[in-house]
2 protein chains.
Amino acid sequence: MIRLSTAQSGFEAEFRALLDQARDTTAQVDAAVASIIAEVKRGGDAALLDLTTRFDRWTPEGGAAGLRVPASEIDAAQARCAPELLDALDLAATRIERFHAAQLPNDVELDDTLGLTLGMRWGAIDAAGIYVPGGKAAYPSSVLMNAIPARVAGVGRIAMAVPTPDGVLNDLVLAAAHRAGVTEIWRVGGAQAIAALAWGTDSIHPVDRVAGPGNAYVAEAKRQVFGRVGIDSIAGPSEVVVLADASQNPALIAIDLLAQAEHDESAQAILITTSAQMAHAVEHAVADHLATLPRAAIAGASWDKHGAIIVVRDWEEGAALVDRLAPEHLEVMVADPQALFARVRHAGAAFLGAHCPEALGDYVAGPNHVLPTGRTARFASGLSVFDFLKRTTWISAEKRGLDAIGPAAVALAEAEGLTAHARSIAMRLGQG
Amino acid sequence: MIRLSTAQSGFEAEFRALLDQARDTTAQVDAAVASIIAEVKRGGDAALLDLTTRFDRWTPEGGAAGLRVPASEIDAAQARCAPELLDALDLAATRIERFHAAQLPNDVELDDTLGLTLGMRWGAIDAAGIYVPGGKAAYPSSVLMNAIPARVAGVGRIAMAVPTPDGVLNDLVLAAAHRAGVTEIWRVGGAQAIAALAWGTDSIHPVDRVAGPGNAYVAEAKRQVFGRVGIDSIAGPSEVVVLADASQNPALIAIDLLAQAEHDESAQAILITTSAQMAHAVEHAVADHLATLPRAAIAGASWDKHGAIIVVRDWEEGAALVDRLAPEHLEVMVADPQALFARVRHAGAAFLGAHCPEALGDYVAGPNHVLPTGRTARFASGLSVFDFLKRTTWISAEKRGLDAIGPAAVALAEAEGLTAHARSIAMRLGQG
């Protein structure tokens, strides 16, 4: 953990070093992934079975059909879940549905007096692929966050791929998929899952867009199939910036920082505060929590390597630092959080006030927890219905509309040397 | 050109072959591009100058500062343009601005009775990079179409990069950049331009998102900087599908097909018609036009290699074929174009009725002409203000809101083994 203060000389250099700190330890797997994708394109289902045996140490009975999880297995998994967990999932799903429905955009239709009508129509993609990591990082909340936006957008087919290392599949993940409206579940993971979703096999029909987090192989595979299908952004290690003034409870700030740090050692938690006293208090509170947290080894390593406490002179400085960090998550724990949030331009998601820890948004609040990392909130956004919608613009013209604006188009087409373009309009201008 | 009919046996196989036809002749330039990007990252301005000398056979006076086009040169270029062309540019720009302003989305704010407020706030990126091809494919219309959405979105800094082979720069391109609101123009092209925009040099500050068409090097460079900055989709060869019934004028349909074909030999123009007679008439009209078109060599080669005329039994069949083609451009020249358009799900942009040739949309109608190619309209959309906006979601909770939904979040966090997440909420539940 580093301690910085904007009042110190040398701050700018230290802050830049923090910005440039490489946290993403992604292995170079380009060639391995290219070869896996080629294998799936060539071998289809047989390649999927081979790769699943090789990487997940598991082979389905009955060939490729056995990769699909049957409804009976989903029902059985759900029956094994604790009722209070199913209730929690349902509350989360209901709230996520409601928030994402509020995102649904309106079509545009624009008449002008010249005799032209212009429009923009939103439509859902036909099929979405949702990748869900398996094994130790099997997160039912992630299933809800990835699948619900697709369903709310109106996507008819939602195919989920989840690896089942050694054949093990998480009951709550299946229950979440069912609640979220996933229409098919495939026990396949890694680059081979992304390849199958993008290119299709005899069993798995290709989808139009792939979303969801994954390891380095999954991320690289998404990069390689980009263009063939749409992809969501490629997630890096998670991060939070907490803004806190002197009036806050340091123990709460400390646990919020550690909730971020416990994800993995590459995660980053940063406190920006106007109070040097609060900086000290939070540092001690972090140490206190670490003494009792089950994931203290991970959280402690993240805090040591990537954590930071920055003391600023005022919130103008603080907001400017936030914009340079463009954090995935931003907690604003100050007297007037809305006012300070209004001064920030770049953040994936914000959590306003003392009663709003980021974990609330990770699970049940409603907004998506799939968010831009690694300073990409400068230009990227969290997962939403927009990831599963596309637009078609349209133009309709009466003859008088063509007559009004056609000559300008002819002039520009001729200037660009595109004479068939010019002629396609000129021929119509002459006609009644 | 191939002639297909859904009534013939073997149609499905032939249509599939048409769908799978490789039109993109993109060279494998991955390694060359990676090395250019590395050169710019390492060498900055000096590397840009070297690469510009090497690829564009041109070196600015006064070092890297000479890469920037001064205001005086823009003014002089504009003064050399024909007034009627400047008027045409202005009409186009005004209409493009108006249409894109109509796209601007609303923020979301959602109160629930439990004591939580959820929101989604749109904001512009800070800086956009616009790539404009130079030399033979210098299209002022493309400058308007790429830069205006950024400005309408509220982007404060718009940096344009345009190569000037042998030092030559198109006057109308400069005039278009000025009209569109580009804030800086750099005479640099290829992968080196994309690298400079993404990573920055001493002279060129990095941007947050890069848009604009380019050759294979530019496309691959965009792919390689994706993640560091946002990119628009990677454009392939252009295409049009024209739907026409028996009542249309075959000479107009033919020129619309050729307006697409004249872009380059990889372009594709397809007619789908319910009338075998129309199919024949259009085929002859294409031949007639080709006898007199200046770009007949290119348009003829495109039509020969990739053109198609498909006769369908009814528009239900026709609409289904359109969805499988998911064309960049769709002309709907039938009695009730809106009704048929409503049955189509996948197209980049539609042009409805006999008075609405695609070329109208290429220049002056208002919607964007940067559109998804190569069947990507299944999931991708044309360039718009959305390419230059991003969203921040936010959550605000009263204590009673946290109390209402917090326990469910605690249950899910514990199920996922994320105990600091659980504790960050549980600690707050206990407090007044």
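Using the three backbone atoms N, Cα and C, a Cβ is placed for every residue, glycine included.
For the substrate site, TrEMBL lists B:Ser238, B:Gln260, B:His263, B:Asp362, B:Glu416, B:His421; matching the candidates B:His205, B:His284, B:His289, B:His329 against that entry yields B:His329. Annotation note: B:His329 (active site, proton acceptor) sits in a strand segment as assigned by DSSP. Taking 8 Å as the upper bound (exclusive) on CB-CB distance to chain A, the recorded positions B:Asn215, B:His329, B:His421 give B:His421 in sequence order. In the three-state DSSP scheme, B:Ser238 (substrate binding site) falls into the coil class. In this structure, B:His263 (substrate binding site) belongs to neither helix nor strand by DSSP; it is coil. In this record, NAD(+) is bound by B:Tyr131, B:Gln192, B:Asn215; the longest C-alpha to C-alpha distance in that set is 13 Å.
Most Cβ neighbours within 10 Å among the recorded positions B:His263, B:His329, B:His421: this distinction goes to B:His421. Distance noted between the C-alpha atoms of B:His329 (active site, proton acceptor) and B:His263 (substrate binding site) is 13 Å.
Summarising the substrate site geometry, the residues cited as binding it (B:Ser238, B:Gln260, B:His263, B:His329, B:Asp362, B:Glu416, B:His421) extend over a maximum Cα to Cα distance of 56 Å.
Ranked by Cα separation from B:Asn215 (NAD(+) binding site), the recorded positions B:His263, B:Glu328, B:Asp362 are led by B:His263.
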